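As structure tokens, the structure follows; a few thoughts come after it.
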Amino acid sequence: MTSRGNHGSKTSSDKHLGDSDFVVVANRLPVDQVRLPDGTAIWKRSPGGLVTALEPLLRQRRGAWVGWPGVINDNVDLDLTIKSIVQDGLTLYPVRLNTHDVAEYYEGFSNATLWPLYHDVIVKPIYHCEWWERYVDVNRRFAETTSRTAAYGGTVWVQDYQLQLVPKMLRIMRPDLTIGFFLHIPFPPVELFMQIPWRTEIIEGLLGADLVGFHLTSGAQNFLFLSRHLLGANTSRGLVGVRSRFGEVQLKSHTVQVGAFPISIDSKEIDQATRDRNVRRRAREIRAELGNPRKILLGVDRLDYTKGIDVRLRAFAELLAEGRAKRDDTVLVQLATPSRERVESYKILRNDIERQVGHINGEYGEVGHPVVHYLHRPIPRDELIAFYVASDVMLVTPLRDGMNLVAKEYVACRNDLGGALVLSEFTGAAAELRQAYLVNPHDLEGVKDTIEAALNQLAEEARRRMRSLRRQVLAHDVDRWARSFLDALAEAPARDAT
């Protein structure tokens, strides 16, 4: 990634600027606060594909990361005073949030308004003016912290739906910066997006960037249409390609590029971890602990209503009832990571899923031999990889998902060319993983038929499918995703910095 050249002359206010040439802006910092037995608070690095992909660039280019550290802070004055956290050589700048910020900006507008709307209104979005006002206020704080962090002429990469207003705000504060934005969740169809009372403000916010990126070409096309419809902007009319043939929005002052950049995983690292003898041994132990069944079905998800956990449970129960899956030699393991536990719809979902699991085990299980094994807690990385290796069929059945990296992780783990991937058509991953067993999660009979086919696939068919899937996942990793976006951002049309 290279600089796009002269951004204009510096001003007398440059003494207030930061010294970071490359700044990542995300809702969360890549750290968690941990309390030691003596009560001391320390910061511990949290795992994640995004920081893994960007860490080399952050180190090479005097990089910094702006985000919320995950700690609710009602005692500190929420001014613009920046105190950095240095963790493993990375410089992190916290944006402090208080109880009201978390309730209204994060749990409210981000996750009870935008999240359900962008995921096809599986749950009805809630619109509150107070939530919107808090969203604007918190986005402004992120922009102000970033403005004070970035060096003159630097590059800023804003991440995801919680921060859609930051590009425009930052553009006004710092016209010298090169700004990119990437949306990690689906961008909705036009008719759904138009429901948002603040639809124009969101599109204007995103258009503060030089490059706006989505997982899929459909999201890019929807965004181009909305830019024409809501703002009267001139836009390109041709189809947007994947990492190519970018769309353009031509505004009075500048041109914004729009593209599709499917995100991925650190597939080579996962493939290597799978080969560890301890992971292999743990995979064998998992099968033994489950009673050495003939087939293990696996689901791995955040506990979220978009993930279709109830669909796979219902399909599995009916397969057992119809004798198409045998209760004495087939088990389903569902690993559900806790998520947004203070949001009401998530509380209801957890109760529903756990009731469903109990009903299936009560109907088809035996004492000491449940047919569904359900864990509602975070799973350590090596343990998760062992589950991937141990399982025979991976069930990825979201009703809507921007990409779904679990599907790619499973494929990266299967260097034995075993296993089968059942994958929802409504994930971004389905556009790339065409040799999976693709399924419509809204068609229960189709889900059942597909799971049955995956359970009974022949070994040669399994190898053929998995070999093709692995070629795709290993070649298109998270490093390629990040570099393709940042290369395109570096080549975007330059703006006048004045």
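Glycine is treated like the rest: Cβ placed from N, Cα and C.
Within Tyr106, Tyr127, Tyr374, Tyr388, the residue that Swiss-Prot lists together with Arg28, Asp160, Arg340 for binding D-glucose 6-phosphate is Tyr106.
Between the listed binding-site residues, namely Asp160, Glu409, the fewest other CB atoms within 10 angstroms of a CB are found at Asp160. Site extent for D-glucose 6-phosphate: among the recorded binding residues Arg28, Tyr106, Asp160, Arg340, the largest C-alpha separation is 17 Å.
A 10 Å radius around the C-alpha of Asp160 (D-glucose 6-phosphate binding site) takes in none of the binding-site residues listed as Arg302, Leu405, Ala407, Glu409. Annotation for Ala407 (UDP-alpha-D-glucose binding site): spatial neighbours Met394, Val396, Leu421, Leu423, Thr427, Ala429, Leu433, Ala436, criterion Cβ-Cβ under 8 Å with sequence separation of six or more. Around Tyr106 (D-glucose 6-phosphate binding site), the same-chain residues at least 6 positions away in sequence with a Cβ under 8 Å from its Cβ are Asn27, Leu97, Gln162. Among the binding-site residues listed here, namely Arg340, Leu405, Glu409, Arg340 has its C-alpha nearest to that of Trp115 (site 'Involved in alpha anomer selectivity').
Fewest other C-beta atoms within 10 angstroms, among the binding-site residues Arg28, Arg302, Arg340, are seen around Arg302. In space, Ile185 is the closest of the recorded positions Arg28, Ile185, Arg340 to Glu409 (UDP-alpha-D-glucose binding site), judged by Cα positions.
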